[in-house]
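**Q** Could you have a look at this structure, given as structure tokens, before my questions?
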């Protein structure tokens, strides 16, 4: 390329550096860096990150550190490259100093540190970081399996991980293992597991979890209560969902949305209408998806199997909106909205509760 008179640009160098890295040709990478400086790309964060990786993998951490310190615009890739270099040499003290200075850590940052501590035999520190990790992927299960002592926080972390990754069967299997070793469930435990039961329609497991909630005196607050309501509704037990909802002392808009959507999905339109009125009377304002055409003022004629696919009925709920909707559209809207709301709900639970729960 150089012999033909073409000049490399900022996209060329990272590929060349990566090739040097993969072929262990650090010496050639030094020549490439000379061209980088001559071309005026020595401050390009992507190129700098590639060079740091090259030096770190070539065991020249001094050069990597020097380049890292000279870089004023460090991205997360640069930070992770330094951590990875120290971890590979077993210098966890230096790796921690870099990790501790990071403002924005990603999953790679956390996994590198956790794996590094595990490799050098410092399982306690690895476990501590695992428990503090705000985001987890399923790769973390390997470390979890090797932990000599798993407390309830560790179990909850993996349950949340499975729930977030759409692995309800694995979450329920982990629940059985948790029960077998005598770990008592907490609020965070049952919320993740109820989500899995709702996804699978696993009523028997859901009933068992409800019993666990009572036996372990876990407070049925708005979060746990909403999870129970959603589970029973999705498992076809709308009457049990209603019982739980009525017994809840604190009901936020998500709790109301969940029971209303459950009623609508099961075809109990009049009950859904009544609940919607009660929600407004209780001073809970419906959020945006419930203030549009998916509202509930639906006449009984729309539920008739002969007319539900053809009859359009005006609906007006006192919000100044009078759309026309098919029943199928209403149910689809409820199902889609409930799914989005519950995913948001699980995310909130993960960040607000899993990191705070005592061992």
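In case you wondered, yes, glycine gets a Cβ from its N, Cα and C as well.
Here's the feature list from TrEMBL:
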- 75-105: repeat 'PPR' (REPEAT)
- 106-140: repeat 'PPR' (REPEAT)
- 151-185: repeat 'PPR' (REPEAT)
- 252-286: repeat 'PPR' (REPEAT)
**Q** When secondary structure is assigned with DSSP, how many helix, strand and coil residues does the repeat 'PPR' (75-105) contain?
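**A** Once the DSSP states are binned, the repeat 'PPR' (75-105) shows 23 helix, 0 strand, 8 coil.
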**Q** Mind checking which residues of the chain, 6+ beyond the ends of the repeat 'PPR' (75-105), have their Cβ under 8 Å from one of its Cβ atoms?
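**A** For the repeat 'PPR' (75-105), the list is 45-46, 48-49, 52-53, 55-57, 59, 61, 64-65, 68, 112-113, 115-117, 119-120, 122.
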**Q** Per-residue pLDDT averaged over the repeat 'PPR' (151-185) comes to what?
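**A** Reported value for the repeat 'PPR' (151-185) is a mean pLDDT of 77.
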**Q** DSSP says what for the repeat 'PPR' (252-286): how many helix, strand, coil residues?
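**A** The repeat 'PPR' (252-286) comes out at 26 helix, 0 strand, 9 coil.
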